[in-house]
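Right, one structure below, let's go through it.
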């Protein structure tokens, strides 16, 4: 069965979801029937075809009135600001991928369902009242058919959760800190301009800018046992894509850096293949652009202090890796069916 999806919000993640779908060869499993985006149709087509981070899209893209064509596939374009008015029932939409970055509450999810969608997947963290939050590769097996409103967590949560799980399973984590070194985002300024967050009033291309993060809450949402045992900070840096995460954890069992690397490399080749990758090459952030993994461990940066303090550096393409996980989670949601009494 081919899953019929609609995308609500066609920004960085929405466009990368479409590109990832076509590049990954999963069009027999998923088809995009509609895109809802307030921008004009010509702009939608142009930004899908041409992308500063990911280059020119390999598929032919054209737009005719309110239809977007990717190759021979036709996708209906909508410009509807009200979720409840979207024609999901008419279009027989199985799963809505809400990639607005704005909506994320149960109320918003239920509005999509009332419009006729069978299930909803948010591309960002949602409230505690959602049916599930999935970090694919770690907890997708907990999905049930009755889980209709789901969050795919965040790009940084998807990056760090598999590594935390591996270290905790092997050595027993007592506590940890996380520093996210994140590329600039759309909520920052090109030149100095007003913003409620005074640090974000400053030009994104000229400063390393500390910002708030809810990553610690994201960790404890997946692993409740770490409540009050993880803290996180974040800085934005003047690059347009790829993120590095500095993870430091104290563990119960004594360990050496080489043993940590052996553990993570084995996982990348085995149970977490396709989700986690491992490298010891002398690479920099641009080398991880367009990498589909959730996390790439840089083994050259692993350190252990006093046998119990582990520091790792983990890379991710915060756009492309996350877009691929959106597709994975969509398939997982569809695989368990659309019976809602389970």
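Cβ coordinates come from backbone N, Cα and C, glycine included.
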Name the one residue among 144, 229, 236 that Swiss-Prot lists for the same substrate site as 154, 155, 156, 200, 213, 214. 236
For the binding-site residues listed here (12, 200, 214), tell me which residue's CB has the most neighbouring CB atoms inside 10 Å. 12
Would you count the other CB atoms within 10 A of the CB of residue 154 (substrate binding site), including those on all shown protein chains? 22
DSSP secondary structure for residue 236 (substrate binding site), reduced to helix/strand/coil, please. strand
Hey, of 12, 13, 155, 182, 318, which of those recorded positions are within 10 Å of residue 236 (substrate binding site), Cα to Cα? 182
